[in-house]
């Protein structure tokens, strides 16, 4: 009975928004894969690792994402709550084991065992991300860009949220940090298991008449997200959140209130729904009939718009066109899929190399504490994600500009960021972490809806996780091999095992090679942009028809 009531709630408009808000909270804690730099130095010291061995652990963490294919396969077969349960359990085991080592509760585990536990921790986020992205994009089919930007934006903030809370409450203690990574996601996912459910297709969230109010709701939650990002940015730049004491406690309390504030949106929608139902109950039958008659033209328009989005008739055995539903085999034999895959690799692979090595990059450039750079990467990653989702959606509606164009622009900026870091001027690591974080965020937020727009939603969970294979692949190529080998070639051994390198030369060649990779990615994105113009022209016309239907209803 409870399950039936929750499913009925998911079919209401406010219920879908409640699901989206709980998904936002899940995303706030599912960026733990990007926090490796916060405790990597403790692992390196405890286990007497070389940089190549340490990068091997970071690759193992990212290899966990390769097993995200299991989450993709399961997404069409099991309910959302089970995906979340699996992810939270894996995170509890993976990060819990790392905490036991770093806190010296147990002796350092063998290297291969540590790789397994990091892999578990890395895989945990694929279940969480698949659950929230697939469910929310299906619930908000006509707002894929804003949904993707919003959810991926909060993932970008999650690293700064964890880092700043740990700094405020536990003085950057790596053991306490790992406790947070293990326990907090499990608690948040338990809440999301109750409220995040897929509603019926074509329900309230997809109705054309609701798009204007949906836009206001997205704007409200985006505004709250920007407020959170600015709050974290101010705390990082001023140092007000660190050091413990009353000030730090107040900082954390205000942050938690800000994180809870998106819940006001579904609460307001629920109140409006209740008031509307109460008012309708008092209305005369004639009034209800007149309202139904007034809505008839709109329903016809909605159906027309829906028909325009259906796949065009295909002859038996004929391949679907871009923008139509693809099977996995059809997507994997499409040139456009591999263009998107390869360009994604150049962006996220090089970005992960920076994130995984920020600790050692900071030491090489003379910094004792790199938590500021980790937070900058996270916060500006948020701005890149949330802005690119909304902006790309706006230009599809107004100009029919293909979404991959924004990926191409991000590749250029990322290449500039790597060149700045290679020059090793004062402040270059700060500038580089900001640029790389923002561009990495753009890549994630833009690629997610692009995949659904080009290849459909039917097998979207698996297609998304195939694209996410770029994270372990990119981590292995650019972080594990490129950065690890070139750093060790420049480093000097230290007593007791391991090695270290200090100076601009440690990572200069790494940055230059990654800049070249981004230029290659730019070319691939431009080609994909040219090949998808027809798809985005069709989406543009559909959105115009939708807007016209709403305008006729208002008039």
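Backbone N, Cα and C define each Cβ position, glycine as well.
These features come from TrEMBL:
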DOMAIN    16-266  domain 'Nodulin-like'
TRANSMEM  81-99  transmembrane segment
TRANSMEM  111-137  transmembrane segment
TRANSMEM  149-171  transmembrane segment
TRANSMEM  177-196  transmembrane segment
TRANSMEM  217-234  transmembrane segment
TRANSMEM  246-271  transmembrane segment
DOMAIN    324-537  domain 'NFD4 C-terminal'
TRANSMEM  337-358  transmembrane segment
TRANSMEM  370-392  transmembrane segment
TRANSMEM  404-424  transmembrane segment
TRANSMEM  430-450  transmembrane segment
TRANSMEM  462-487  transmembrane segment
TRANSMEM  507-530  transmembrane segment
*For the transmembrane segment (149-171) and the transmembrane segment (404-424), decide whether they are in contact, meaning at least 3 CB pairs lie under 8 A, counting pairs 6 or more apart in sequence.*
no
_Using a Cβ cut-off under 8 Å, which residues of the same chain at least 6 positions beyond either end of the transmembrane segment (507-530) come close to it?_
336, 339-340, 342-343, 345-347, 349-350, 353, 357, 361, 364, 402, 404-405, 407-408, 411-412, 414-416, 418-419, 421-422, 424, 478, 482-483, 486-487
_So, taking each listed stretch (111-137, 177-196, 217-234, 337-358, 462-487) in turn and counting its Cβ pairs to the transmembrane segment (404-424) that are under 8 angstroms, which one gives the highest count?_
337-358
*Positions on the same chain near the transmembrane segment (81-99), where near means CB under 8 A and six or more residues out*: 26, 30, 32, 39, 43, 64, 71, 74-75, 105, 109, 114, 117-128, 130-131, 175, 178-179, 181-183, 185-186, 189-190, 192-194, 196-197
_Chain residues in Cβ proximity to the transmembrane segment (337-358) (below 8 Å; excluding those fewer than six residues from its ends, i.e. six or more beyond)_ = 34, 36-37, 40, 55, 58, 62, 331, 370, 373-374, 377, 404, 407, 410-411, 414, 418, 421, 432-433, 436-437, 439-440, 443-444, 447, 450-451, 454-455, 466-467, 470-471, 473-475, 477-479, 482-483, 487, 507, 510, 514, 517-518, 520-521, 524-525, 527-528, 531
*Against which stretches of its own chain does the transmembrane segment (177-196) lie, if we need a Cβ under 8 Å and a gap of at least six residues from its ends?*
6, 9, 15, 18-19, 22-23, 25-26, 28-30, 32, 35, 38-39, 80-81, 84-85, 87-89, 91-92, 94-96, 98-99, 102-103, 121, 124, 128, 131-132, 135, 162-163, 165-166, 170
*Is it the case that the transmembrane segment (217-234) and the transmembrane segment (370-392) have 3 or more CB pairs under 8 Å, with pairs at least 6 apart in sequence?*
yes
*What same-chain residues lie close to the transmembrane segment (370-392): Cβ under 8 Å, and 6 or more beyond its ends?*
31, 34-35, 37-38, 145-150, 152-160, 163-164, 167, 172, 218, 222, 225-226, 229, 232-233, 236, 354-355, 358-359, 361-363, 401, 403, 406, 410, 429-430, 433-442, 444-446, 449
